Amino acid sequence: MLSVALILHLTVKGFDQWHIGTLFTYILIGDIIITLLLTTTADAFGRRNILVIGSILKLFAGLMFAFVDQYLLLVFAGIVGIISPSGGEIGPFLSIEQACMTENVKDNTQITAIYSWYNFFGYLSTALGALSSGYMISKLIKDYNFDTVNAYRSIIIAYAIFGAIKTLIYLCLSRQVETAALFDSELIEHATDSTSRRKTTIQATHILHWFKNKFGLRRSASRRTVAKLCALFVIDAIGGGFVMQSMIIYWFHERFQMNIEMLGLMMMFANLISGVSAIFVTPLVGRIGAINTMVITHIPSNIMLILIPFMQTKASAIAMLLLRFSISQMDVPARQTFVAISVENNERSAAGGITNLVRSVGLSISPIIVGYLLQDSKNPILFASPFVIGGGLKLLYDILLYVSFDVSNRNQFCFCVQKQKMLNYYNSEWFRIYGYLDNKCKLACRNSLVSFETITLV
């Protein structure tokens, strides 16, 4: 709901597009810092504890943006707090929540299904937020005589209230969301410590040891894979920064003079379509692999993104936007799955956090440029350029992603699916070969040293 109101709220407060773009850059830089600090310590300090801290920071940022008008204080709130100008998940929540959900999942074939439904409900909530915020702003102005500033402020306050609700929900999480390594540490601490001073020392040593293990990535293979993915994800994120939902809303508002209610309705349908499309990712990933799914769905969506500013009518531009959203987010569960199965269970919070952090770095580069490009809505070339630049960078990412991994990596998740099918078939009569299959598939899925064709019975 914030993506609909935030940029317009700042505009009616008197900030120009350059200052807003710069502020969004500071917000995303703050997201980088907070994400790095919280996600890399989540598996050691406790996932529930970190989620509670993150939701409190979200509450703080919402209140500051609602009631503070001084630019420097908003910059401070954007850096220290958690606020989302993109309309999507931001901060430490995404990677830690997904690590919590998959902690006790032994079958990798179920991970994509979990992530698909997670994204579906995320997009559904975003859609409802966009619809309700647009309707609420329109209702407050027309029926309750709110001025524009206070109508927009009500949405920011609602954002802060949801931060408080999230805090209460996270406090109710069970200990089953924690990594097994945390339980082991607590058992050792309980068995060997007799004083509170000794307990504090061991906990501090444990967290320090976690940082020494490359921010939670203990295996060198995990670090290599995550490093390669980060180099690619930053290109995609820079492109995404040119077409954040707040920017899209502002562009449609200026280009076609759409009111806030219509903009909210448009983004509601866009996010709802994205959520529905996420459900269909699971069978696609199981059939053609995670990376192939990412590339095949992403390329046409980015071509449609480039075409949006060249649509001559409001209806055709909205239709192209919705068509683009119908496939643009199908790569997200596939990407999250690929990251998750490339590392060990107790590395997932860190891997997800680092890759999301790198994406935030990329996102933070673009808004200040977008702010300059959107200053003059009368210049058709500059005003259309964010879509063209963003789509072009995303196409470059798709090509580099495809050529950066060999065939066995591109079909990585297929191996896990095929392995599960083989084990189900042979489990009763050929139980003795389980270890052989498991070891071979582990090599194929994690180190990309063999292809599925080599996993045969001889």
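Heads up, the Cβ atoms here are built off N, Cα and C, so glycines get one too.
Predicted, not measured: the structure shown is a model, and the values here were computed from it.
Per-residue pLDDT, averaged along the domain 'Major facilitator superfamily (MFS) profile' (1-409), amounts to 85 for this model. Sequence annotations record features per position, and here TrEMBL assigns domain 'Major facilitator superfamily (MFS) profile' to 1-409.
For the transmembrane segment (20-38), same-chain residues at least 6 beyond its ends with a Cβ under 8 Å from one of its own Cβ atoms are 7, 10-11, 50, 53-54, 57, 71, 74-75, 78-83, 85, 90-92, 95-96, 215, 241, 244, 246, 353-354, 356-357, 360-361, 363-365, 367-372, 374. Summarising the annotation, TrEMBL assigns transmembrane segment to 20-38 (among others).
When Cβ-Cβ distances below 8 Å are used as the criterion, the transmembrane segment (50-68) is approached by residues 6, 9, 34, 38-39, 41-42, 74, 76-78, 80-83, 91-93, 96-97, 153, 156-157, 159-164, 166-167, 170-171, 173 of the same chain, each at least six residues removed from its ends. Sequence annotations record features per position, and here TrEMBL assigns transmembrane segment to 50-68 (among others).
Residues or ranges marked as transmembrane segment by TrEMBL: 74-96 (among others).
Positions annotated as transmembrane segment by TrEMBL: 117-138 (among others).
Summarising the annotation, TrEMBL assigns transmembrane segment to 150-173 (among others). Tertiary neighbourhood of the transmembrane segment (150-173): same-chain residues 1-2, 4-6, 8-9, 12, 47-48, 51-52, 55-56, 58-63, 65-67, 82-83, 100, 133, 136-137, 140-141, selected by CB-CB distance under 8 Å and a gap of 6+ residues from either end.
Residues or ranges marked as transmembrane segment by TrEMBL: 229-252 (among others).
TrEMBL lists 264-285 (among others) with the feature transmembrane segment.
Per TrEMBL, the feature transmembrane segment maps to 305-327 (among others). Nonlocal intrachain contacts for the transmembrane segment (305-327), taken as residues 6+ away from its ends with a CB within less than 8 angstroms of a stretch CB, comprise 243, 248, 251-252, 255-256, 258, 266, 269-271, 273-274, 277, 297-298, 383-384, 387-388, 390-392, 394.
Here the transmembrane segment (381-405) has long-range neighbours at 228, 232-233, 235-236, 238-243, 247, 251, 254-255, 291, 294-295, 298-299, 302-303, 305-306, 308-310, 366, 370, 373-375, 448, meaning same-chain residues at least 6 beyond its ends whose C-beta is under 8 angstroms from one of its own. Among the features that TrEMBL reports, transmembrane segment is placed at 381-405 (among others).
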Spatial neighbours of the transmembrane segment (264-285) far in sequence, C-beta under 8 Å, 6+ residues away: 3-4, 87, 112-113, 115-117, 119-124, 126-128, 130-135, 137, 245, 248-249, 252, 258, 293, 297, 318, 321-322, 325-330, 332-334, 337, 413
Cβ contacts under 8 Å made by the transmembrane segment (229-252) with residues that lie 6+ beyond its boundaries: 3-4, 6-8, 11, 24, 28, 85-88, 258, 263, 266-267, 302, 305, 309, 314, 317-318, 321, 338-339, 342, 354-355, 358-367, 369-370, 374, 383, 386-387, 389-394, 396-397, 400-401, 404
